[in-house]
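Have a look at the structure below before the remarks.
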Amino acid sequence: MATKPPSNMKPTLDKDLDKFTRVEEATLHVTQQLAGLGAGFMFVVLAAVFAGAFVTGTAGAVIIIAAVAIGAYMAINIGANDVTNNVGPAVGAKAMPLAVALIVAAICEIAGALITGGNVVETISSGIINVETIPDRTAFSWAMLSALLAAGLLVNISTWTRAPISTTHTVVGGVAGAGMAAYGAKAVDWLSLGSIAFAWVLAPFISAFIAVAILAFIKEFIIYREDKIGSARLWVPVLIGLMAGVFMAYLIWVGLRQLMHVSLGHASLIGLVTGLVAWRLCVPIIHKQSEGLENRNQSLRILFQWPLVLAAALMSFAHGANDVSNAIGPVVAIVRALHDEAVSTSARAPLWVMLVGAFGLSCGILLYGPRLIRLVGEQITKLNPMRAFCVSVATALTVLVASRFGLPVSTTHTAIGAVFGVGFFREWYTQSSRRRQELVQAGAGQTIRRAQKYADNPSEVRRRYLVRRSHFMTIIAAWLVTVPLSATLAALLYWLMSFLFL
């Protein structure tokens with residue numbers, strides 16, 4: 001009778017979390033090394049000059065220009081921090097060269113910020129503080145500048161101390177803290193703030209659920225089939241078609257709202273047509289790519305290169321749509337307060353401010369991306385293409401839905417939720433799937449030896465536990481520490497600025 005492999009072999013979840021840990025460490029290292037990069041400084045200067053062309057001669061022009069400079073710096077940091085998570089797996093899997101990946105990511109970040117980033121910008125700029133009840137536009141502007149400055153300071157502190165700080169939580173906490181310092185607790189829209197906090201809790205779970213659903217489909221209908229290549233020829237084009245169709249429906253429904261009203265039904269119909277076209281175009285491509293491949297899992301990694309490229313582009317788009325608000329949300333509020341006629345939520349965010357945020361994200365990607373991904377290296381970024389596909393698609397869909405409702409969420413935390421979901425599901429599936437157990441029976445001896453190696457190593461078991469706990473605690477720390485810390489710092493900065501300038 002065959003010996004059952006030990007259940008405590010090193011799970012894929014821990015391998016993937018190891019890679020996330022190495023990515024975070026590399027991000028901090030590279031950010032430190034490139035903090036004084038001349039090109040980044042030049043972009044900040046150009047952003048300030050660009051802002052001056054729109055606001056020179058206006059009351060409060062100095063405050064606006066200073067806010068734009070800080071926002072540009074924030075955008076560079078935000079673009080750099082998530083570039084590896086967005087396109088690293090595609091580069092590691094050799095699905096596309098590094099230069100192409102960075103260009104694709106930069107373009108998609110800009111597109112996401114400009115096309116669908118407006119809703120989240122509105123939430124940061126006017127949804128956390130009740131701007132209609134604020135009589136003093138100058139004081140409101142100083143409050144928003146304090147929030148932006150607090151976020152920028154915490155980003156720098158986290159870089160040098162290696163503390164896990166989310167820019168999303170930092171900006172939201174800063175805006176709420178500065179608003180309370182200026183006008184008291186009544187200035188905060190607590191219902192809106194509660195909705196944002198609820199989204200922070202919910203997003204990782206939704207992402208995990210979507211990732212598990214996709215991985216379960218891939219395992220059942222592709223990986224653990226007798227004819228793996230034939231199954232991949234059938235289903236990989238379907239997955240690409242679904243991605244294209246859902247994204248097009250979202251783009252039409254959300255992105256075109258600023259130009260015209262498009263019903264969800266019409267958007268869905270356009271998405272269906274787009275999906276069918278994408279499916280039909282991909283069938284011959286995948287069929288040709290699969291010619292001569294052996295019927296094994298390693299071959300499937302090749303066939304998932306194209307889906308992984310599209311998933312990386314989709315994730316970059318989603319990141320731009322949601323995270324641009326962290327850089328320019330307070331800037332938009334300041335511009336409206338000092339440059340527009342009134343503090344209003346009815347008008348769209350000024351295009352020139354959105355451009356600063358969008359190009360700041362892409363600047364961070366292009367400046368920090370090459371060295372960061374090289375430092376991370378192929379072994380670290382090379383997540384299994386199929387698991388990386390599940391994580392990227394799940395994260396992107398979750399973040400895009402949050403952006404549709406104007407909810408700022410942490411892209412990294414959402415991705416970690418997907419990684420946990422994929423890892424735990426794979427551990428359960430490995431032990432429970434009869435189809436899987438039958439197909440791997442021939443290679444059971446090697447599996448048992450590999451499992452026993454980790455089972456007999458207590459230090460390895462403890463290390464895996466600590467890695468899982470560290471990622472879980474990163475999210476908890478963002479909720480329990482970052483928000484109040486940012487709020488307190490923003491309040492202190494506002495009181496200091498009030499004493500000096502008001």
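Each Cβ is built from the backbone N, Cα and C atoms, and glycine gets one as well.
Annotated features, as they stand in TrEMBL:
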- 34-55: transmembrane segment (TRANSMEM)
- 61-83: transmembrane segment (TRANSMEM)
- 95-119: transmembrane segment (TRANSMEM)
- 139-157: transmembrane segment (TRANSMEM)
- 197-222: transmembrane segment (TRANSMEM)
- 234-253: transmembrane segment (TRANSMEM)
- 259-281: transmembrane segment (TRANSMEM)
- 302-321: transmembrane segment (TRANSMEM)
- 349-368: transmembrane segment (TRANSMEM)
- 388-407: transmembrane segment (TRANSMEM)
- 413-429: transmembrane segment (TRANSMEM)
- 472-497: transmembrane segment (TRANSMEM)
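Of the candidate ranges 34-55, 139-157, 259-281, 388-407, 388-407 contributes the most Cβ pairs within a distance under 8 Å of the transmembrane segment (95-119).
Ranking 34-55, 61-83, 197-222, 388-407 by CB pairs under 8 A with the transmembrane segment (139-157) puts 61-83 at the top. Outside the transmembrane segment (34-55) by six or more residues, the chain places 61, 64-66, 68-69, 71-73, 76, 159, 335, 338-339, 350, 352-353, 355-356, 359-360, 363-364, 367-368, 371 with a CB less than 8 A from a CB of the stretch. As a quick check, the transmembrane segment (197-222) and the transmembrane segment (413-429) clear the bar of 3 or more Cβ pairs under 8 A, pairs 6 or more apart, so the two touch. Recorded stretches compared: 61-83, 259-281, 413-429; the one with the most Cβ pairs under 8 Å to the transmembrane segment (388-407) is 413-429.
The list of residues near the transmembrane segment (234-253) in space but at least 6 beyond its ends in sequence, with Cβ under 8 angstroms from a Cβ of it, reads 115-116, 214, 217-218, 221-222, 262, 264, 266-268, 270-272, 274-280, 282-283, 285-286, 303-304, 306-307, 310-311, 314, 317, 393, 397, 400, 404. Counting residues 6+ beyond its ends, the transmembrane segment (61-83) has Cβ neighbours under 8 Å at 27, 30-31, 40, 43-45, 47-48, 50-52, 55, 102, 105, 109, 141-142, 144-145, 148-149, 151-152, 155, 167, 319, 323-324, 326-328, 330-331, 334-335, 338-339, 353, 356-365, 367-369, 372-373, 411-412 in the same chain.
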